[in-house]
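This report concerns only the one structure given below.
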Amino acid sequence: MRRGPRTVPALGLMCLCLAQANFAPHFFDNGLGSTNGNMALFSLPEDTPVGSHVYTLNGTDPEGDPVSYHISFDPSSRSVFSVDPSFGNITLVEELDREREDEIEAIISISDGLNLVAEKVVILVTDANDEAPRFIQEPYIIQVPEDTPAGSSIFKVHAMDKDTGSGGSVTYFLQNMQSTKFAVDRHSGVLRLRAGTTLDYEKARAHFITVVAKDGGGRLRGADVVFSATTVVTVNVEDVQDTAPVFVGIPYYGYVYEDTVPGSEVLTVVAMDGDRGKPNRILYSLVNGSDGAFEINETSGAISVTQSPAQLQGEVYELHVQVTEVSSAGSPAAQATVPVTIRIVDLNNHPPTFYGESGPQNRFELSMYEHPPQGEILRGLKITVNDSDQGANAKFNLRLVGPGGIFRVVPQTVLNEAQVTIIVENSAAIDFEKFKVLTFKLLAIEVNTPEKFSSTADVVIQLLDTNDNVPKFTSHYYIARIPENAPGGSNVVAVTAVDPDTGPWGEVKYSIYGSGADLFLIHPSTGIIYTQPWASLDAEATARFNFYVKAEDMEGRYSLAEVFVTLLDVNDHYPQFGKRIQEKKMVLGSPVKIEATDQDAEEPNNLVDYSITRSEPANVFDIDTHTGEIWLKNSIRSLDALHNITPNGDYTWSLEVQAKDRGSPSFSTTALLKIDITDTEMMSRSPMDAFLMQTKDNPMKAVGVLAGIMAIIVAITVLISTATFWRNKKSNKVLPVRRVLRKRPSPAPRTFRIEWLKFNKTKAAAKFVLKEDPPNDNCNNNSLGTPPPPRAPAPPPPPGMAPSLGAAPWTVPTVSGSLTPPQPQRSPKPKTLGSPVQSALVSELRQKFEKKSVASKAYF
């Protein structure tokens, strides 16, 4: 249905339209406490958080058209809320503060698109406890007289809290209630002086009171909170006249000396009003005890003597001085009295004085020998000390000023007069070599007098020398070096010893002794050590000497020092070869070495260099200059090359080798060296190969040797077989036992028995074991020194398996090989093949030996 134009009255009156009437929307009024509707009687706490949903506008349109909501504020006020046009949800957008704004006016409206209805609403802001109490009219400084009665009110503090209800109520209390003289009324804030307490200006001129104001508490953002504030009240105490005068500097003592003039001031007493805030004037007076000899100034308190000290009868006067306060009105007030003691004393006008035999003296001299006995009195000093004053003025101390700990003075404290005695305290320190003259100050100083009068006298002690020192060498050791070819009488070293003593006691005499001193002499006065005129030095025989020198004074006091003399080697020996003509065998590729020694003691005299001086043909050998090793030149690598350059076609050379030392001048020696050269292939061949090579030109010799060796082997085999046969024949009675034992299935006992036979029953097996030890009783083992028998040449080795130079010597195989312990692994060697006859013999021997072993086992 189509609608025509509408007319909206300003205040929401009925709308008229030409075609049909349209009614305006309206809000629901849900009353007090509702959170939706038209915000009638709506209130909001001031501590509501910003952004909170606080209310929902709710209304309707009679025609059922959709409605929208709006809220607006006066332009001069804040826009505190915002509204959702569609749902009417009102949100707090700014903080609330009841103390600044306790109600908010707003215009809410509802519209259906054609009609708009607006209403003015007032939102009340309720209080939250968000304000703390505040003291007003600070700072608090008050003046309180010290005589204020206890319990009196002295001040009132006031604090305000802008909150309402319990949060705005304020109560007061003091922070340190137990340690203060004050109290506060919790409701009114009135400060009072606590009962039983008083103020005292002389003890405390100010008090500081901390007052706390606390509100009654309330809710803030969902929690119970209490706020408080503090302030300090300064109480200045005013002084009042309530304290008697006080004397300063007590007790009072005065002295009148023998030369005091009448009218002279003896001492001054000082008093002041005990009430220092407003002090009264003070007057002084003497009460009694003066006997007319003293008077006091009434305003200054100065006490003076009125008579001459010679006229005073007593030695001590006890005076009483009274002080009186004068009030502002001129009337006497508080009074106080103090005793004053005045002594009549002798004047200390005489210092201590030293006297000698002829009167006052300030210098005393003495001569004495050094190192006197401990505790000895210096009797040559006649010293007296005196002080003409009386009593305490005549008491003084004595002490020596100078090098400490050498002497001490007796007595140390003197009254009037005493004889001074000086005693030796440290005899060792009285040393002529350290001090020729000892000087001290003898000091006398008064003890108990203010003046501390003193006097001094010089004590000069001339020391006389004694023979108290031992000659001392400048060094504990003297080291000298001289050439071994130095002639007899040559200077070696000069030693020096010093004796600090003077005169004849300081003269030193030198001597030497010791096992190494035979070749040396020393001058008794100068200390110069030189060789004996007949001495012949030889560094090769004895390179070092050491002996002692002795320094002795006239009374036999002495000290020792050790002297070390080293002979410097001189090149006086030729290098020496072991033999002038030497023969060496050289393996092709390896050097030979020639060696010479030089008997000189030190390098470089005993260092030898080697060279080849002559060789035919030349350019065949090289020699190492330092070691003497001789090599074939690198160009010669085989015997054929040597054969081509050998003059006579053999492999023997003769060389002339020179050994030359490095001394100055240098000496040299030559030796003739014959070298026989062989090839390494010849050295590495087996004995059989070497034998065949040597007999290749004489075949019948080789056949004869081989036949002899085979005959020896057959003879040895026959002997062994015969011995075994007779031995087995004698032990046939145990054969049945042997057959029974062979039926045992387990080989373990047999193994154990074989091992037992191996180490314990060696009589049968020992005959067949080949070892490198000396021969056993059966004498059928090959020893290391026996040359191996010849054998047939071995087949060529497999590729890459060169024969080892360290191969073990060839041995005859025997049955004992199975019983000997494992031997260390030897270098691999080509495997040899034995003859059929040898194999048969070995097999027969093994079978017989096994039978014998079983028989022996059965027997045991």
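Numbers run from 1 along the shown chain.
Even glycines carry a Cβ here, placed using N, Cα and C.
Going by TrEMBL, these are the annotated features:
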| type | residues | note |
| --- | --- | --- |
| SIGNAL | 1-21 | signal peptide |
| DOMAIN | 42-135 | domain 'Cadherin' |
| DOMAIN | 136-247 | domain 'Cadherin' |
| DOMAIN | 248-354 | domain 'Cadherin' |
| DOMAIN | 360-473 | domain 'Cadherin' |
| DOMAIN | 474-577 | domain 'Cadherin' |
| DOMAIN | 589-689 | domain 'Cadherin' |
| TRANSMEM | 702-726 | transmembrane segment |
| REGION | 770-839 | region 'Disordered' |
| COMPBIAS | 786-801 | compositional bias 'Pro residues' |
DSSP puts the residues of the domain 'Cadherin' (474-577) at 4 helix, 48 strand, 52 coil
Across the domain 'Cadherin' (589-689), DSSP labelling yields 15 helix, 41 strand, 45 coil
Of the listed stretches 136-247, 248-354, 589-689, the one with the highest count of C-beta pairs below 8 angstroms to the domain 'Cadherin' (474-577) is 589-689
Using DSSP three-state counts, the residues of the domain 'Cadherin' (360-473) come to 4 helix, 58 strand, 52 coil
Secondary structure of the domain 'Cadherin' (248-354) by DSSP, residue by residue, totals 3 helix, 56 strand, 48 coil
Across the domain 'Cadherin' (42-135), DSSP labelling yields 0 helix, 44 strand, 50 coil
